[in-house]
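What follows is a set of notes on a single structure, which appears directly below.
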Amino acid sequence: MMQKLQMYVYIYLFMLIAAGPVDLNEGSEREENVEKEGLCNACAWRQNTRYSRIEAIKIQILSKLRLETAPNISKDAIRQLLPRAPPLRELIDQYDVQRDDSSDGSLEDDDYHATTETIITMPTESDFLMQADGKPKCCFFKFSSKIQYNKVVKAQLWIYLRPVKTPTTVFVQILRLIKPMKDGTRYTGIRSLKLDMSPGTGIWQSIDVKTVLQNWLKQPESNLGIEIKALDENGHDLAVTFPGPGEDGLNPFLEVKVTDTPKRSRRDFGLDCDEHSTESRCCRYPLTVDFEAFGWDWIIAPKRYKANYCSGECEFVFLQKYPHTHLVHQANPRGSAGPCCTPTKMSPINMLYFNGKEQIIYGKIPAMVVDRCGCS
């Protein structure tokens, strides 16, 4: 019996020697390696989530703006089309780049498509605007369908008057084209005003055309265009209707403002993390979208904005949007897939952009910024 016991001891010692020295810290190192591996996996997961979020944003913007593809407008074309006018400069200069704040309330329940606030429409030529001498007259405006279904708050016609060398009085007249009358009349007056100009640079002048626009929207067939005249005391026309050399961006244009209906908001809470965070739970991470990196020159402003994204694990009862989510899992743990880390609070961004018809639109795109993340 003793011999058998000694034999077992020898065999055990031989196995220990064959296995090599025993490291007392081996268990802790293994746990540390597992932890590091988990962190690496979390980083890779977040990287994939970032990429997916950016691709989703590109698709959402085109869809919400009702664009099948990104407008193909070159930088040279943009430089020619972009008016050097006060209302547009004001939008760009005072543009409120999307802030990453944590204010109470948000547009959680929001319409899918963009809400238009301001539309800047450039003139186009029309066959009807032809005089007997064959010279086209400005201007004919085609209106976006967005104006048709929104209440017009303001409509301004902006015209640029060339500089003068001496003080002069300018008589501005806006005429609306109509179908030829029996007496040959083809125009009816819209607005007329008198301006005193001093030597120096040219000036932009705005004219209220809200009533005319509303009539055009009610009776589209009556929209045959307008003619602009701005004559000085010597009979010289100072209005830029067809820009010449060095007059890019001085075309006449219409600035139309429409109503925007605010929606109710609700509060929510969640975790905020940075890219170096070791937080494994559902959290909001920063993400800046750069439109110039996409080659999307058709977006005038903002050139970039903070979109953010959600990533992390969802333990049951942690940041769940709906209380019943936990109860459903408890009742049927195998039949429930469990909660996922998703945005629970989002807010819109304002955007100034060219649409497919080369019109400049200033509108609000809903649900483009992740403000809070949670499990649902």
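The backbone N, Cα and C atoms fix where each Cβ goes, and this holds for glycine too.
Taken straight from Swiss-Prot:
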| type | residues | note |
| --- | --- | --- |
| DISULFID | CYS273-CYS283 | disulfide bond |
| DISULFID | CYS282-CYS341 | disulfide bond |
| DISULFID | CYS310-CYS373 | disulfide bond |
| DISULFID | CYS314-CYS375 | disulfide bond |
| CARBOHYD | ASN72 | N-linked glycosylation site |
| SIGNAL | 1-24 | signal peptide |
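Annotated features, which come from Swiss-Prot, shown on the structure.
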| residue | record | DSSP class |
| --- | --- | --- |
| ASN72 | N-linked glycosylation site | coil |
| CYS273 | disulfide bond | coil |
| CYS282 | disulfide bond | coil |
| CYS310 | disulfide bond | strand |
| CYS341 | disulfide bond | strand |
| CYS373 | disulfide bond | strand |
Densest Cβ neighbourhood among CYS273, CYS282 (disulfide-bonded residues), 10 Å radius: CYS282
Recorded positions near CYS341 (disulfide bond), in sequence order, restricted to ASN72, CYS283, CYS310, CYS314, CYS375 and a 10 Å Cα cut-off: CYS283, CYS310, CYS314, CYS375
Number of Cβ atoms other than its own within 10 Å, given for CYS341 (disulfide bond): 24
Nearest of the disulfide-bonded residues (CYS282, CYS283, CYS310) to CYS375 (disulfide bond), judged by Cα-Cα distance: CYS282
Using Cα positions only, nearest of the recorded positions to CYS282 (disulfide bond) (ASN72, CYS273, CYS310): CYS310
Disulfide-bonded residues (CYS310, CYS314, CYS373, CYS375), the one with most neighbouring Cβ atoms at 10 Å: CYS373
Integer Cα-Cα distance in angstrom, CYS283 (disulfide bond) to CYS373 (disulfide bond): 6
Rounded inter-Cα distance in Å - CYS314 (disulfide bond), CYS373 (disulfide bond): 11
